[in-house]
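Encoded as structure tokens, the structure appears first; notes follow it.
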């Protein structure tokens, strides 16, 4: 009896909301196989990975701290991906923003600069990230170079640039030769929200950004032109939307938000510049954007899920001596599962009667 | 100052560096000519490097290591093929997922081997010829991967342009609808092309961890898979241009190391960034000159047969 896969044109909202759930279920199955293969009791491993971090207030704060850059970057990437522009270099834009903003912190270090320093740093973070993001946009618009590859190559360039700064001109002279800058002054640090723990004001900024992005993408002509440029570029051109402006716009937004995320991370949790300021947030945010179906509010939720893989990974590293790569396997599997589930809910398998071919 | 022996050694190391890129980009070129853009090269390469190293370390056989690396690359490429070819998902996202998963799996497999070393693949010395000045070491003192990469290049160049199978593969990449109408199994052919890409990427990884730098380090591919992808664009999807591109990039990556060694006062990070900057410049130059000419017309577009 031949089976046939049919595409369904009209899918209920309920079926679409199933996608992330199916994806997470699939990831749990793969994770079980992986833990067994690594010789660990999967129930205990999942407990340490995904349940224990949710049981005390300190790790819950950590969860939000780690989700904060993911939701900012992921929201920016939603602009790009909706327009079918493939910025995969958010990690570099994150670094570029943090570098430009930190310059101000170091330039005002030890002076009696007022409380304007932090807002100015955040603004510079946005500008730095946006400028770094506009490079691949320019190369695409002007020369037709693939933004996928150029944006990714610029990640390596940005990371090496940061490495040069913290080992060279920015190195703390009293830092025992460690490759790190001086600790920022108080006016250059993000205030903490609670007495204990590391939850900082950056999350409030992220929430405002998500609200604004939800409005822009869902309720404005700009959001519509982005959507149309991605789904029907010819129609967008006939409607008079300038394709180049969309490219510049979405790269500026996603680069700017990645830069803001980098600056918030440095001022909120690190407090100085060092050779590595991200455990791959710029790449994980791609998954956050996908898992969140390119919708800012859902990205907020998916960022928390992905942040859990970071926290769980750290816990498993300590208590089970599992390498941190387990986290990357989880993240990769999750993305694969989302992509597959997204297709599978749109199709249904039907039995078809044998039809004689003439 | 540069005597013949040093020059010979530099040339030989350029060949070694270029071979990794050539192997990986050759496989990707075939996949792209069939219409599939697989951004998973970096992931397949790093899995090849890890599996190849683990196998060679465990069995003591470099050949078994290389074979295992190829198989590992193929396995991971099948993940991409199921997504992008059979489920017709977005190829960019599927390739990224393949790379993220590959980096994770490779890290898991490689973690027990951090800090160990292997005796790398021996050079296949040809009596007498290797001792020729300057070019002797470069042409006749290389390991088996180098000669294999050149053989593969010749095979791909010939196969794509001169055989029926190559013609069908190109037809699938240029116009999958027409190829399907002619009765060619478009998705099957694309799957085979993706698997070939995976095999080549795995072999490239094995070259890295078994011959070029015979140890395992997490993320040891350091973006070479992405540079290989750029090289395919740079070559305008032509195998012989790929050879030129791979050797040019091999030269950039080796020469910047030597310049770092001389200590000319240039920050080492700037020199380390050169291969990546050169990739961007090359992409821009080729895009400006050709405006996408040479790219298979069906590249990156999922094919779903109507029945």
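Positions of Cβ are set from backbone N, Cα and C atoms, glycine also.
Note that TrEMBL annotation is computational and uncurated.
Residues A:93-110 are the range that TrEMBL records as transmembrane segment, among A:39-56, A:93-110. TrEMBL lists transmembrane segment at one of the ranges A:12-38, A:174-200, namely A:12-38.
Comparing A:58-81, A:93-110, A:116-139, A:202-226, A:246-268 for CB pairs under 8 angstroms to the transmembrane segment (A:280-308), the maximum falls on A:58-81. Of the recorded ranges A:12-38, A:58-81, A:93-110, the transmembrane segment (A:202-226) has the largest number of C-beta contacts under 8 angstroms with A:58-81. Within its own chain, the transmembrane segment (A:12-38) is flanked in space by residues 45-46, 49, 291, 293, 298, 302, 305, 322, 326, 329-330, 333-334, 337-338, 340-342, 344-345, which lie at least six positions past its ends and keep a Cβ under 8 Å from the stretch.
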